[in-house]
Amino acid sequence: MTVEISKVFVLMMLNLFLGASSSIWSVAPAAFQLPPCQLINQTVSLEKEGCPRCHAVETTICSGHCLTKDPIIKIPFSNVYQHVCTYRDLFYKTFEFPDCPPGVDPVVTYPVALSCHCSRCVMDTSDCTFESLQPDFCMNDIPFYY
């Protein structure tokens, strides 16, 4: 009799633990309707200090949703890493500005994504801020008042 009660108790505790652990890490229902992390074509504005105009180029970037879990119950001293859609493989292309004045190096390089994946943000190579500048934004388009 005690063996059966202990089996039932263990099964109830296991069920309680598994049920609770799934509710600790909740996923928003809308997350499954967002586009996944993938390559997309994007127009990007290139600019170079000393050159008068921006130039638009077509490139591939990583964009989309990565499934991320945020714990409802916060555990002290534990790290929660949010995953972002970022480059897996990339190469750099070179562009030469046609209208730079003499003495200004007209060459600039920009990344072209070859593949993407969900990973922690590497701030050295990616902009993982919540609201960053749009890829086709150009500083030269902002009027300066002196």
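Residue positions begin at 1 at the first shown residue.
The backbone N, Cα and C atoms fix where each Cβ goes, glycine too.
Quantities reported herein were computed from a predicted structural model and do not represent experimental measurements.
The feature signal peptide is assigned by Swiss-Prot to 1-22. Annotation source Swiss-Prot lists disulfide bond at Cys37-Cys85, Cys51-Cys100, Cys54-Cys138, Cys62-Cys116, Cys66-Cys118, Cys121-Cys128, citing similarity to another entry. Look at Swiss-Prot and you will find Asn41 tagged as N-linked glycosylation site.
It is Cys116 that, of the disulfide-bonded residues Cys37, Cys54, Cys66, Cys116, has its Cβ surrounded by the most other Cβ atoms within 10 Å. On a Cα basis, Cys85 (disulfide bond) lies 6 Å away from Cys62 (disulfide bond).
Between the candidate disulfide-bonded residues, Cys51, Cys85, Cys118, Cys121, Cys138, the densest Cβ environment within 10 Å is the one around Cys85. Using a 10 angstroms CA-CA radius around Cys66 (disulfide bond), none of the recorded positions in Asn41, Cys51, Cys54, Cys100, Cys116, Cys121 qualify. Ranking the recorded positions Asn41, Cys54, Cys100, Cys138 by Cα distance from Cys116 (disulfide bond) puts Asn41 first. With respect to Cβ neighbours within 10 Å, the recorded positions Asn41, Cys62, Cys100 differ, and Asn41 shows the lowest count. The Cα atom of Cys54 (disulfide bond) lies nearest to that of Asn41, taking the recorded positions Cys37, Asn41, Cys118, Cys121 as the candidates.
Here the C-alpha separation of Cys51 (disulfide bond) and Asn41 (N-linked glycosylation site) works out to 26 Å. Using a 10 Å Cα-Cα cut-off from Cys85 (disulfide bond), the recorded positions that qualify among Asn41, Cys118, Cys121, Cys138 are Cys118, Cys121. Distance noted between the C-alpha atoms of the residue listed as 'N-linked glycosylation site' and Cys121 (disulfide bond) is 21 Å. Cys138 (disulfide bond) falls outside any helix or strand according to DSSP and counts as coil.
For Cys121 (disulfide bond), the nearest of the disulfide-bonded residues by C-alpha distance turns out to be Cys37; the candidates were Cys37, Cys100, Cys138.
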